[in-house]
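Chemist: From Swiss-Prot, for reference:
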BINDING   GLY14, PRO15, VAL16, GLY17, SER18, GLY19, LYS20, THR21  GTP binding site
Amino acid sequence: MARYNGPLRVGIGGPVGSGKTALMDLLCKELRERYQIAAITNDIYTKWDAEFLVRSGSLTPDRIVGVETGGCPHTAIREDASMNLAAVADMRAKFPDLDLVLIESGGDNLAATFSPELADLTIYVIDVAAGDKIPSKGGPGITRSDLLVINKIDLAPYVGASLAKMEVDAKRMRGERPFVMTNLKQSAGLDRIIAFLEAKGGLQAEPVDA
């Protein structure tokens, strides 16, 4: 059922390799029976992430689009989001009953943020393998995203990372804003991300016709 004010648009950002596309894939597969979904990915010169989602069967191919940003991918989600806004508009035209649009940014750094014109909610994904100092470094993704996902917690023993330190630093940097510790390879923590989206985004589940 379409939302009165249009679909919930969720921006998913984070450094390369942190698990953004994996999260997109899992969210699509878990939620597609309850919501009408579309997925938009951003890459600089390719459509690799969109092609991955198609190969994985995340959604039907007509519900997945890849945006080639060229140059700086951060501009395409912030200062000049016109390409992504056009992609969202195209999806809404094709699927008037859309409930949810997931928008994955290109290779981000800690300073990347989504324009409020493009995303209603933002999720920022970091991974333990990059080091347990990442939450303490701050940056808009760490401090201002609606939900911070600390992924690949299973790798902590292998890279000498302290999950306790990451939790303490995340709480200190984010204040009351929530964060989730995950191992998306095993879907651990996915339920908490979905619960956040449904509660914060005001989604109301209804069965989706096949």
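If you go along the chain as it appears here, the first residue is 1 and each next one adds 1.
Every residue gets a Cβ built from N, Cα and C, even glycine.
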Chemist: Most Cβ neighbours within 10 Å: which of the binding-site residues GLY14, PRO15, GLY17, GLY19 is it?
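Modeler: Of the binding-site residues GLY14, PRO15, GLY17, GLY19, the most buried by Cβ count within 10 Å is GLY14.
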Chemist: Which chain-mates of LYS20 (GTP binding site) that are at least 6 residues away have a CB under 8 A from its CB, listed by sequence?
Modeler: ILE12, GLY13, GLY14, ASP49, GLU104, SER105, VAL125
Chemist: Taking the Cβ of THR21 (GTP binding site) as the reference point, list residues of the same chain whose Cβ is under 8 angstroms away and which are at least six residues distant in sequence.
Modeler: THR41, ASP49, PHE52, LEU53, GLU104
Chemist: Report the same-chain neighbours of SER18 (GTP binding site): residues 6+ apart in sequence with Cβ closer than 8 Å to its Cβ, ordered by sequence.
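Modeler: In sequence order, VAL125, ILE126, ASP127, ALA130, ASN151, LYS152 meet the Cβ cut-off.
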Chemist: Take the Cβ of VAL16 (GTP binding site) and count every other Cβ within 10 Å, whichever protein chain it belongs to.
Modeler: 9
